[in-house]
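K.L.:
Annotations per TrEMBL:
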DISULFID  Cys148-Cys169  disulfide bond
TRANSMEM  12-36  transmembrane segment
TRANSMEM  56-76  transmembrane segment
TRANSMEM  83-107  transmembrane segment
TRANSMEM  203-224  transmembrane segment
Amino acid sequence: MAEGCMMALRYGMVFFNLLFWLGGCGILGVGVWLSVTQGNFATLSSSLPSLSAANLLIAVGTIIMVIGCLGCVGAVKESRPLLLTFFILLLLIFFLEILSIMLFFIYQDEIDHYAQRDLKKGLQLFGTEGNVGLTNAWMIVQTDFRCCGVTNHTDWFEVYNASRVPDSCCLEYSDNCGLDNPGTWWTAPCYERVKDWLNENLVALWIFALCTALTQVITAGMLYSTLACSTAR
């Protein structure tokens, strides 16, 4: 009985962890692709210049691959130390996710204030040497979201020390259009536009988060049963 239980759970563990590992490979691949093809598209933050989409995906993909590989090897070899390590890492990630969500909702106003202040600080680096990534990021955001500046288009006045904005703020793009009349510029704040976009896609984000959490709970349950069967043998 214990042998059949162990065999079924082992195959289940291998299957789930293989999916876990393949998902990590996919995320890592997208991160590497972004890094190679969109190397100049970095981050809007001046305090965290390494916090780019590519670097985040590479880091997350690598962690998922390592954890998934650990679970697969532990299930195939029926190694209690590997399975216990995998179980502890899975629980740690799950609790960190819950903690991050709680802290986000508790300190949401403080996070908003800090993010806006940091983004405005980053505007000062726009167009300067060695900040091609930040410059391109702002150009893409303002063009795609049809916005200008962090809280409004006047944020750029402090950067240029004049009443002008980047050309990516223009309703119709052309060279030096940022020097024209303010009536030809986008006036919507980029920070609020991005927040609105996130709110519009909140359902999809919650579905993704719930699916991730459910997968972790199922995997942890199977792992606990595997350890119990291993002990019973």
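A Cβ is built for glycine as well, from the same backbone N, Cα and C atoms used for every other residue.
For each feature listed, report its degree of burial, its nearest neighbours and the pertinent distances within the displayed model.
P.N.:
Beyond the ends of the transmembrane segment (12-36), by six or more residues, the same chain brings 53-69, 71-72, 74-76, 215, 218-219, 222-223, 226 to within a C-beta distance below 8 angstroms of the stretch.
Listed as Cβ neighbours of the transmembrane segment (56-76) (distance under 8 Å, sequence separation of 6 or more from its ends, same chain) are residues 10, 13-14, 16-32, 34-35, 82-83, 85-86, 89-90, 93, 219, 223, 226.
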K.L.:
Are there residues of the same chain, six or more positions away from Cys169 (disulfide bond), whose CB falls under 8 angstroms from its CB, and which are they?
P.N.:
Gln142, Cys147, Cys148, Gly149, His153, Trp156, Gly178, Trp185, Trp186
